[in-house]
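Step one of this worksheet: look at the structure below.
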């Protein structure tokens, strides 16, 4: 069978298809796409080192698994970031640079993503992903970790919830879930294969992939795309082009497990919680589908913030606003480098 031709970008001024729902939680309302130019210089990749201080290779003892993690900051609690399916740790690059003066930020590449290497990159079961994150945190910090706030976007939000619910991470003080709720996620899964198939599949250069990501793909922030998109690609020698590092279409058997029962699990997590949602058009259906979360919010079990003028990848589209919400969450809950700080008392969360 002949390989499919390279997907081509639309010329300036032409109308072409877009992938508004590039993930199961893409917002229906998105901001205008940035102005486009012919020059590929505008879409040249940017290096991670402008946003993070260090790139670490975290080897998990007694396994062949080595996880890549980007870190920055030297003070405050650890904001441990988990990206969505098909993204990478660099999805949080711009937001990390906004937080590093007040928090230590870690953004890891999950299994099958970015520069992480494992014994089975296609095993994206929620159990395996959860075990991976717990193993990375334990390898990095041992039995006495600093205060940790878990931040998870989309699929990574599900992983963050499962990690928190396991109650195996000592000194975990906060949970930030970004644009993922069980009801709308489960309802969207039936469309995911079509969404994945309809996106551009092959790119003649990294610059063209970055260009597509902001013209017809999931992102709205060119600077963030220039940092994050290269880490989501791999070079296909046989076709002499770039394609996606993570073959999400081959992981369908795990999708339901990512989101089933997520609402109750989220509410059960014994830490302070905030849910960040993109846009407003889906709120009516959200409240209808997610009855447990609606009741939980009314009872004050978690905080919810709706962020306007952004697509699904809130941390990439509006990194300053995203970082501001994280830092306000830390300040509001008085989370210091070692735990919750009350005058004259440091209270650490116990298992």
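Each Cβ is built from the backbone N, Cα and C atoms, and glycine gets one as well.
Just so you know, TrEMBL annotations are computer predictions that nobody has curated.
Noted in TrEMBL for the protein shown:
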{"type": "REGION", "residues": "1-21", "note": "region 'Disordered'"}
{"type": "DOMAIN", "residues": "79-323", "note": "domain 'AB hydrolase-1'"}
{"type": "ACT_SITE", "residues": "154", "note": "active site"}
{"type": "ACT_SITE", "residues": "179", "note": "active site"}
{"type": "ACT_SITE", "residues": "312", "note": "active site"}
Between residue 154 (active site) and residue 312 (active site): CA-CA distance (Å): 8
Integer Å distance between the CA atoms belonging to residue 179 (active site) and residue 154 (active site): 6
